[in-house]
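Participant: OK, TrEMBL features for this one:
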DOMAIN    68-159  domain 'p53 DNA-binding'
SITE      Lys89  site 'Interaction with DNA'
BINDING   Cys143, His154, Cys249, Cys253  Zn(2+) binding site
DOMAIN    201-299  domain 'p53 DNA-binding'
Amino acid sequence: MDANTDTGFMNSSDYEQIIKDLKADSTFCEYKFSPSEITDYVKMEDVADSTDEHKLVIAYSPTCTLPCTDSYPGPYNFELMLDGSTSHKRSWVYSEMLQKVFIDMNKTLLIQFRLSPNAGDLRVRALPVYSIADFLNIPVQRCALHMLNSDPQHQELACMGKQTFVTFVERQPPHGYNTRYKPRVKAHSEDNKVCYCANYSWVRHVVQSSHAAAIYDYDSASDRHSVVVPLDSPQPGSETVVVAYHFTCKTSCPQGMQRRPISVVFTLETSQGDVVGRQCLSVKICSCPKRDKEREEADN
């Protein structure tokens, strides 16, 4: 028995022979993965190619754990614009240098969407995400204080001398809590990931819209909240559709966004949820938009 056999290593001649045998086998072939096979659909499906072999195409939801933020005009040349005439230093301002909106909380931001060609039965989803890659997988949610403002039924409980907020979903308080309040149905259950935001003024939705047909969506898999509005036809003489949005928490709020920069991803979707366009807008929600804009521009 030679040294190679004792050590369990393969010698060079054996390795070369195995490679020759593999190359001689007609069934041996190389498969390459193409990034173009990934599509922005909300489902998974098997697609047959020309050789009738099936490939698994992984399709991502626009509200998945790592949502895409790349600009994608798509087949409708989806565009996003801001009307500067509605800007005011105490409501919102836009920085051309930073390509970023600075806006006060609960102030209206009118966003213009343009399609070419125009099409019916489309909708726009607004999803807030963190701009820094380290936090992209974390859902953007409101801080406890601003959630409380929208959820006045939320009870303050005493636990071991410390004040804390606890979410109940028709269940008794955990053992050890002393409370004189009766538990009531709350916006969220940490147990079964059910969203009751509709009953509490959309309590966890940072981005909201005054559109009469707005739909507030919750992805239980990623814990992300988004708002979806139908994209109406442009009014006569106009090429754009205007949608009003507002923000219900500040970027600087502790236990909320914690000064982490955010963007809002606007996805153009069909009624089946297929993504056919995408644009992204950097946003800072603050008390003094003009002051913060000037400071950040000076820092850059």
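Every residue, even glycine, has its Cβ placed from backbone N, Cα and C.
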Participant: So which of the binding-site residues is most packed in, judged by how many other Cβ atoms lie within 10 Å of its Cβ, out of Cys143, Cys249, Cys253?
Facilitator: Cys249
Participant: Please list, in sequence order, the residues in the chain of Lys89 (site 'Interaction with DNA') that are at least six apart in sequence and whose C-beta is under 8 Å away from its C-beta.
Facilitator: Pro289, Lys290
Participant: May I have the DSSP-based helix, strand and coil counts for the residues of the domain 'p53 DNA-binding' (201-299)?
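Facilitator: Reading the DSSP string over the domain 'p53 DNA-binding' (201-299) gives 11 helix, 43 strand, 45 coil.
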